[in-house]
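For reference, the structure is listed below as structure tokens.
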Amino acid sequence: MRPLDDTGAAKRQDSGLPLMDIRTPSSRQEPAAAEVVETPGPGGCWQCPSSPCGSRAQQEAEKKAPCPGLGLFYTLLSAFLFSVGSLFVKKVQDIHAVEISAFRCVFQMLIIIPCIIYRKTGFIGPKGQRIYLLLRGVLGSNAMILLYYAYQLTSLADATVISFSCPVFTSIIACIFLKEKYSPWDALFTAFTITGVILIVRPPFLFGSEVVEADKDYSVHVKGALVALAHAVLAAMTLVILRKIGTSVDYILSIWYYVIFGLIECVIVLSILGEWRLPHCGLDRLFLILIGMFGLGGQMFLAKALQIEKAGPVALMRTMDVVFAFIFQIIFFNDMPSWWTVGGSLCVIASNTGAAIRKWCQSTK
């Protein structure tokens with residue numbers, strides 16, 4: 001065994017004396033104990049005598065430390081990709097929302113399969129988590145279909161804002177099934193979100209029949225708003241399931257279940273409805289490809305952001321989805337949102353912002 005200090009051995013070798021082990025039999029029998037008792041000098045240890053451990057650990061920490069704000073940048077990029085994908089869904093009006101979801105699943109599957117093979121996660125998952133992965137896939141795919149349908153029925157801004165009521169439903173469902181605490185603050189944020197949704201939907205029993213008469217497409221708008229609200233509920237259930245799974249399952253495998261069960265469901269529904277057809281316009285076909293690519297990119301950047309950044313700042317930055325939706329609606333559809341939509345958006349954003357700040361403050365205590 002190589003001693004900790006070779007200075008003496010080097011001197012004996014230079015003087016022509018043979019190298020001999022002059023330790024006593026007792027020390028020869030327990031060398032490990034002698035090494036454990038020996039304490040390192042200042043700034044060093046027995047593993048690295050030539051360089052201080054502190055400096056080496058500090059260098060490694062500096063190499064591994066992410067760039068400040070990188071997680072927030074990933075979140076912003078994720079919000080942009082999701083918003084652009086939603087814009088393309090709104091642009092493709094001649095194709096059923098279920099078929100759009102099916103094309104997205106197909107293109108995402110072509111990317112997910114090599115990722116699973118490379119990461120060696122398997123295609124089934126841990127035995128105790130398969131039922132949760134199954135539920136995640138079914139609920140997540142239904143939420144995706146409903147969101148796309150809402151984009152086709154109502155304005156881009158209205159559907160996006162209502163879909164952001166998801167955190168409120170997540171808190172309620174997590175309180176019921178995961179026994180998480182539901183505080184008065186959560187009730188306040190829920191009230192803000194409900195107020196925002198009411199301002200966007202503008203039900204006649206609260207706002208009068210003049211609202212219905214002024215908007216000739218009001219019935220379609222209400223239908224789209226209710227579909228977006230159903231998406232928010234299913235998305236909240238999906239998030240609760242993902243909380244239940246935790247880190248025991250690779251996020252790529254979670255996306256795989258979402259993609260494969262989404263495709264199976266879309267094929268069955270399209271076969272029943274008889275709506276399966278390829279778009280005639282080449283631009284629409286390109287949009288379908290980009291919807292799948294941007295959707296997958298948004299999911300991956302969001303997952304990366306949550307790995308290196310706290311959930312509170314990520315949730316705050318996610319509200320940029322609403323900002324992008326307003327910008328895209330004005331630029332690409334020449335549709336100026338009403339003041340009701342603006343007021344409802346502010347209520348929903350205030351609710352999400354308050355919930356994110358509260359969780360952020362709790363995590364830093």
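In case you wondered, yes, glycine gets a Cβ from its N, Cα and C as well.
Here's what TrEMBL has on this protein:
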| type | residues | note |
| --- | --- | --- |
| COMPBIAS | 1-14 | compositional bias 'Basic and acidic residues' |
| DOMAIN | 70-201 | domain 'EamA' |
| DOMAIN | 223-351 | domain 'EamA' |
| REGION | 1-33 | region 'Disordered' |
| TRANSMEM | 70-89 | transmembrane segment |
| TRANSMEM | 101-119 | transmembrane segment |
| TRANSMEM | 131-151 | transmembrane segment |
| TRANSMEM | 157-178 | transmembrane segment |
| TRANSMEM | 185-205 | transmembrane segment |
| TRANSMEM | 225-243 | transmembrane segment |
| TRANSMEM | 255-274 | transmembrane segment |
| TRANSMEM | 286-303 | transmembrane segment |
| TRANSMEM | 315-333 | transmembrane segment |
| TRANSMEM | 339-357 | transmembrane segment |
Remote residues contacting the transmembrane segment (225-243) - C-beta distance under 8 A, at least 6 residues beyond either end: 132, 135-136, 139-140, 142-143, 146-147, 149-150, 153-154, 158-159, 162-170, 172-174, 177-178, 197, 200-201, 254
Residues from the same chain, set at least six apart from the ends of the transmembrane segment (70-89), whose C-beta lies under 8 A from its own: 97, 100, 148, 151-152, 156, 159-160, 287-288, 290-291, 294-295, 297-299, 301-302, 304-310, 313-314, 317-318, 320-321, 324-325, 328, 332
Non-local residues, at least 6 beyond the ends, that sit with Cβ under 8 Å of the transmembrane segment (255-274): 96, 98-99, 101-102, 104-106, 108-109, 112-113, 116, 123, 125, 133-134, 136-138, 140-142, 144-145, 296, 299
Close approaches to the transmembrane segment (339-357) from elsewhere in its chain (Cβ under 8 angstroms; 6 or more beyond its ends): 155, 157-158, 161-162, 164-165, 167-168, 171, 185-186, 188-190, 192-193, 195-200, 202, 311-313, 315-316, 318-319, 322, 326
Positions on the same chain near the transmembrane segment (131-151), where near means CB under 8 A and six or more residues out: 86, 89-90, 97-98, 100-101, 104-105, 125, 159, 162-163, 224-225, 227-228, 230-231, 234-235, 237-238, 241-242, 244-245, 249, 253-254, 257-262, 265-266, 269
